[in-house]
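Engineer: Handing you a structure now.
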Amino acid sequence: MASILGRRSHRNLTFWIVMTSVTFGEKPFQCGECGKPFGTNSSLRRHLRIHAGEKPFACGECGKAFIQSSHLVHHHRIHTGERPYRCGECGKAFSQNSALLLHQRIHTGEKPYACNECGKAFRVSSQLIQHQRIHTEERYHECGECGKAFKHSSGLIRHQKIHTGEKPYLCGECGKGFGQSSELIRHQRIHTGDKPYECRECGKTFGQNSEIVRHVRIHTGEKPYACGECGKAFRGHSELLRHERIHTGEKPETQNLKQAPGSKLSAQSPTRGSNPQAEIMT
């Protein structure tokens, strides 16, 4: 009888702790590793798996493992193609609710992440973090060639290789040289086929972080590069540059081919009815 009362008392105490933390926002359970507080003991136990490296929930399709069962549920949709979260405005569907919420800001115009310095607002927190570097980063080391300034001298040294043409980091496979070791590492993935950046939405993998950033915009619908002339927006900067040629009349370099002085062959296509082989033989 005493043991039954003890179990009931323990359940009542646990219930009281949970209700108190939910009602008053208290977080009495603290991680001994990093000090992060949690409202419930179960949340703390899930968090501890990060430090332990424990991933008990494995995908039956590909074997990839996860810390939480909810992460596995989201991952499964890559294999099933399920997209249960649909936009009420345009009908576009997503596998995760967070992706839908991010997408909906395109329609609502909501930009909840505002800069405290200048007031500029952004749809995504990562864009705000990148923007804030304009205000927070003090830069003391200035390039004598172009005037660009850097916070650390190491940044200036790396930058100056652009002007000197120095490329001390050589690829062991093809011999191509690079000014920075990080550029060499990215290049080597061409030879190894390594693609460490995986899209959580569709599972597609990429060799460079910049590639996955552009790819994710397919799912979110984000188009941060807008044309100053007509307002049309694009996912990538290169797409915007190609579009701007419509307004400037500029032609791509491949279309501006001219016959080199003294060349026997014309760069233009042969006219109908002509025999290119005969022209070469004469």
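Residue 1 is the first one shown; counting continues down the chain.
Glycine residues also receive a Cβ, built from the backbone N, Cα and C atoms like all the rest.
Positions annotated as compositional bias 'Polar residues' by TrEMBL: 265-282. Positions annotated as domain 'C2H2-type' by TrEMBL: 29-56, 57-84, 85-112, 113-140, 141-168, 169-196, 197-224, 225-252. The region 'Disordered' annotation in TrEMBL covers 247-282.
Quick one: where do these features end up spatially?
Structural biologist: In the predicted model, the domain 'C2H2-type' (57-84) shows an average pLDDT of 86.
For the domain 'C2H2-type' (85-112), the DSSP-based tally of helix, strand and coil residues reads 12 helix, 4 strand, 12 coil.
Note: the domain 'C2H2-type' (113-140) comprises 12 helix, 4 strand, 12 coil (DSSP; helix = H, G, I, strand = E, B).
Per-class residue totals from DSSP over the domain 'C2H2-type' (141-168), listed helix then strand then coil: 12 helix, 4 strand, 12 coil.
Outside the domain 'C2H2-type' (197-224), and at least 6 residues removed from its termini, the chain residues within Cβ reach (under 8 Å) are 74-75, 78, 92, 94-96, 99, 102-103, 106, 123-124, 127, 186, 189-190, 233-236.
Taking H, G and I as helix, E and B as strand and the rest as coil, DSSP gives the domain 'C2H2-type' (225-252) the counts 12 helix, 4 strand, 12 coil.
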Engineer: Who are the chain neighbours of the domain 'C2H2-type' (85-112) in space, where the CB to CB distance is under 8 Å and they lie at least 6 residues beyond its ends?
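Structural biologist: That would be 74, 77-78, 121-124, 200-201, 219-222.
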Engineer: Please give the sequence-distant neighbours of the domain 'C2H2-type' (57-84): residues at least 6 beyond its ends with Cβ less than 8 Å from one of its Cβ atoms.
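Structural biologist: Distant contacts of the domain 'C2H2-type' (57-84): 46, 49-50, 93-96, 200, 202-203.
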